[in-house]
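Student: According to TrEMBL, the protein has these features:
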type     : residues : note
TRANSMEM : 28-49    : transmembrane segment
DOMAIN   : 44-293   : domain 'G-protein coupled receptors family 1 profile'
TRANSMEM : 102-123  : transmembrane segment
TRANSMEM : 143-164  : transmembrane segment
TRANSMEM : 200-226  : transmembrane segment
TRANSMEM : 238-256  : transmembrane segment
TRANSMEM : 276-295  : transmembrane segment
Amino acid sequence: SSFQEMTNVTAVLEFRLLGFSSNPHCQILLSTVVLVIYILTILGNIIIISVVTLEPQLHSPMYKFLKNLSFLEVCYTTTIVPKMLANLLAKSKTISFSGCMAQLYCFISLGATECYLLAVMAYDRFLAICEPLHYGVAMTTESYTRLAMGSWVTGVFTGFLPCLMVSRLHFCRYNLIDHFFCDISPLLKLSCSDTTVTEVVIFILSLVVLSSCFLLTLVSYLLIILRILKIPSASGKKITFSTCSSHLMVVTIYYGTMISTYVRPTYNLSSELNKAVSVLYTVVTPLLNPVIYSLRNKAFKKALEKIVIKH
């Protein structure tokens, strides 16, 4: 029987993702909605990347960061959505063990990179609005490159530890993941190993990454808001405030959903609620970012018109 147990421990070579409702009508409706959002997200972000690249006036650090964020959103949503769509419409909803770990790694790394980028973008806005005279000196091409590269490299490394720890857990017999992608919480619930150490390490890492980035971002925007309140002209106040409030909205949705999912000592959120919250940051936020960061921006809209007329 011990041999039987050993074979059971190493038996899981693939997982089945339960996804959402088992009702076929629900699945068709959901897959249509998700597909439309995904296409709009990819198009919106590609438009931003193209406009910022083609328009010399938008070659400032602020827009270069935005281009990074758009590229990130394309990668991030593509890590999750195509597989999710395939599973919504397929009979067999399987993902291989290595495929599952690859998805988990990409998801954590890109999610962490987004946290770092949003913090860096908030710092860039803080410098531009609160220290306009020093901005040119502080935010040179070199410092932009350092901050952008730093966000990506740190993100890539952030994904290693949680992914390594989850991949070393044992999964026996039962291989149904109650989620639409390979996320930490349903994998920990599924494991037949003792997950205490893994949970504590992931909790601490999530807490450090999310709270430090969120605080940096929040402090930057609070200082910006205090500075805006000192602007004498009402129109000046309105323009600056509308830009920042929309950024703050994206940041709040993203961090609110992320913190509610990952910064909990025990993973006790009901699986349906967990899935609903996950849809917000994997499907909805990548669409909101391009809309809010670019369409609320006059210089961007002008550049877009110019390119459309030109071509």
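Quick reminder: no glycine exception, Cβ is built from N, Cα and C everywhere.
Bear in mind that TrEMBL entries carry predicted annotations, made automatically and left uncurated.
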Student: Would you say the transmembrane segment (276-295) and the transmembrane segment (200-226) are in contact under the rule of three or more C-beta pairs closer than 8 Å, pairs 6 or more apart in sequence?
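Tutor: These two segments do not touch.
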Student: Determine which recorded stretch among 28-49, 102-123, 143-164, 238-256 has the most C-beta pairs below 8 angstroms with the transmembrane segment (276-295).
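Tutor: When the Cβ pairs under 8 Å are tallied, 28-49 comes out ahead.
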Student: State the residues, same chain only, that lie 6 or more residues beyond the ends of the transmembrane segment (28-49) and have a CB under 8 A from a CB inside it; answer 'none' if no residue qualifies.
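Tutor: 20-21, 66-67, 70-71, 73-74, 77-78, 81-82, 84-85, 88-89, 283-284, 286-287, 289-291, 293-294, 300, 304.
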Student: Check the domain 'G-protein coupled receptors family 1 profile' (44-293) for me and report the mean pLDDT.
Tutor: 87
